[in-house]
Amino acid sequence: MSAFRLNTVILMLMLLLFELSLGESPSFSVDYENNSFRKDGEQFRYISGSIHYSRIPRAYWRDRLLKMYMAGLNAIQTYVPWNYHEESPGRYDFSGDKDLEGFLKLAQEIGLLVILRPGPYICAEWDMGGLPAWLLNKKNIVLRSSDPDYIAAVDKWMGKLLPMMKPYLYQNGGSIITVQVENEYGSYFACDFNYMRHLSKLFRAHLGDEVVLFTTDGAGVNYLKCGSMQGLYATVDFGPGANITAAFQAQRYAEPKGPLVNSEFYTGWLDHWGSRHSVVSSAAVAKSLSHMLAIGANVNMYMFIGGSNFGYWNGANSPYAAQPTSYDYDAPLSEAGDLTEKYFAIRDVIRMYSKVPEGPIPPTTPKYAYGSVKMKKLQTVLDATETLSFSGPVKSTYPQTFTDLNQGFGFVLYRTKLPVNCSQPTPLSSPLNGIHDRAYVSVDRVAVGVLERNKVLSVNVTGKAGSQLDILVENMGRINYGRDINDFKGLVSNVTLGKDSLTHWTMYSLSIDEAVRNGLLGEEPPTRTDQASPVALSPPAFYKGSFIIPYGIPDLPQDTYVKLPGWKKGQIWINGFNLGRYWPARGPQVTLFVPASILSTAAPNNVTVLELEVDPCSSQLCTVEFTTTPVLNATVSEHKPHRRLFSKDFL
Ligand SMILES: *[C@@H]1O[C@H](CO)[C@@H](O)[C@H](O)[C@H]1NC(C)=O
Ligand SMILES: *[C@@H]1O[C@H](CO)[C@@H](O)[C@H](O)[C@H]1NC(C)=O
Ligand SMILES: *[C@@H]1O[C@H](CO)[C@@H](O)[C@H](O)[C@H]1NC(C)=O
Ligand SMILES: *[C@@H]1O[C@H](CO)[C@@H](O)[C@H](O)[C@H]1NC(C)=O
Ligand SMILES: *[C@@H]1O[C@H](CO)[C@@H](O)[C@H](O)[C@H]1NC(C)=O
Ligand SMILES: *[C@@H]1O[C@H](CO)[C@@H](O)[C@H](O)[C@H]1NC(C)=O
Ligand SMILES: *[C@@H]1O[C@H](CO)[C@@H](O)[C@H](O)[C@H]1NC(C)=O
């Protein structure tokens, strides 16, 4: 043995002794020999649940995580929605409800490991699958590919996010055991290996060589062909309906050895406006979960708690079908964090395979019925246009999209004049299906109809040449899955009147949330002689009301649900917090979850509604109602369910 080798051996022995004296440093890896994970040198299996911090008010993070821990989970899985943190290029927000580091610290404090899914694309039934809509500033950008502009934006974002995550990796003393790269990439048409290779290198460069990086795909060989990549551990996802043996055989196609992992075991399923509420039986979930745990698989339950799509954050599927505000998902913890029968069924299964913590489970939070709140009509959107349009109007010959107008979410008002006399009903149409996604049409301030993407492409108008034509266009949420994710909003193609394209538009980007927050909306003008609408519609208008939390009742404020009897479709805020969209006329969701954290005992609580189709205050129905019971499953008959969307068509 040479002196050099001897020195090396002595040095290594010294290092070993040093490490032993300090205790082993934390480690987490894939054990290919024993088909498992390995944590601090020991074989390890995770039983995890998905929770999206972006769908739960921060005040409730601890409660939900604790309930997950008490169910016997040893890990949680979360997505990081890029568009939630970088709403405009280079302006990052990690404060308040967006405090991702705060969320990770809380998980660690409670004793939960973390499976992090930072995207860049996340699907998740989230607007544009988490990609920022401003990427569409390059009109023909190929998202989720090697498109240089897309890559440049991804590099910049990951250059911000991943260094922030690095200290939270398990081997650095944090709780993140694995990090997913992209998401179900094998289901995307592009199949761009250079893109996946680029991401793989980027993640390694920022996070180091040690962290376990992984991919997730549908449990079919065809998905894994484009979704998996050398150096990224391939996992699969499937629900209780799947053949478990066959599903894991698909994973074995990409990973002949290593732990079996179902990264998304579906405890429930998503909803769409106008389709039936999805439910999955506890028995089916329990049976399948038990089978997977019995064969030693690692499982993440998607979702363990779904939460809510507050504001405008819901996504949509293609052909266009938007998801509602509630993301309850029929998960074991309800939208409001309530313990369900499914929660206990899952806990009983976990108990057969691993230790479940003793001690009390945090109880279901009490709900309070604050009762009926009388509402009062304020200005219409047309009355308030100047107030709502902070940047002033933009004029152009042909209509521009939300992206052209630099607006992400909400509503844009498009205005022009009727160029000809329409004494007979004349079709106002979007021949190329360019209403993205719903438009409220009025002529001389009288509501004349509603246009809707894929559903209603034409409405008749009458009026004199020179009459004012207003089209208020609502962005109902961007497509989050498949090849149609370049989902431009607004009027994305020309609108015709009879045979001619309408021109000379004046467009108003509306800052409705800011106006609501700052109390800028005025009262209805007193002497109004609105012409009756020929079609039983009212022009979009604001309404307000307020309620106080009763005195002398302990533990108020409590959570509640709001419903809007007699209202049809719109948006609702409480104390300036955008609770989301309501659309009881279409269902299945009827009530919206109102977390206690947005309510005040110090001042009256202010309810603002933007109703798009009717005026309940012209009758006796002008109230909103706070109740203790959620209704997410009101039957709807007029629209066929998107059967195709209820399964991922595996294998
Ligand atoms: C794998 O497990 C076997 C026993 O099942 C054990 O003898 C062996 O040491 C394990 N391998 C590793 C690499 O830990
Ligand atoms: C499940 O898949 C396996 C493997 O492909 C097959 O042998 C088995 O028959 C399937 N079971 C059922 C119930 O279809
Ligand atoms: C519209 O009709 C009025 C009479 O009702 C007529 O004076 C006017 O010239 C017509 N305008 C156009 C643009 O045809
Ligand atoms: C528009 O009016 C024409 C003529 O009255 C009628 O045939 C047609 O059905 C109407 N279209 C719509 C969409 O109401
Ligand atoms: C509207 O039509 C004009 C003329 O054909 C065309 O140049 C323009 O691109 C169209 N605009 C949209 C938004 O489709
Ligand atoms: C509701 O609005 C009133 C009047 O603008 C204001 O005084 C009050 O503070 C608001 N309530 C809350 C909880 O912000
Ligand atoms: C909706 O859910 C409630 C509570 O689970 C249930 O009692 C009711 O039968 C359901 N209604 C429909 C139409 O499915």
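In case you wondered, yes, glycine gets a Cβ from its N, Cα and C as well.
Automated prediction, rather than curation, is the source of TrEMBL annotations.
Look at TrEMBL and you will find Glu184 tagged as active site, proton donor. The active site, nucleophile annotation in TrEMBL covers Glu264. What TrEMBL lists as domain 'Glycoside hydrolase 35 catalytic' is 37-352. Under the heading domain 'Beta-galactosidase 1-like first all-beta', TrEMBL lists 399-510. Positions annotated as domain 'Beta-galactosidase galactose-binding' by TrEMBL: 540-601. Sequence annotations record features per position, and here TrEMBL assigns signal peptide to 1-23.
The residue listed as 'active site, proton donor' is 11 Å away from Glu264 (active site, nucleophile) when you measure Cα to Cα. Note on the domain 'Beta-galactosidase 1-like first all-beta' (399-510): mean pLDDT across this stretch is 97. Secondary structure of the domain 'Beta-galactosidase 1-like first all-beta' (399-510), assigned with DSSP and counted as helix (H, G, I), strand (E, B) and coil, comes to 0 helix, 57 strand, 55 coil. For the domain 'Beta-galactosidase galactose-binding' (540-601), residue counts in helix, strand and coil come to 3 helix, 27 strand, 32 coil, using DSSP.
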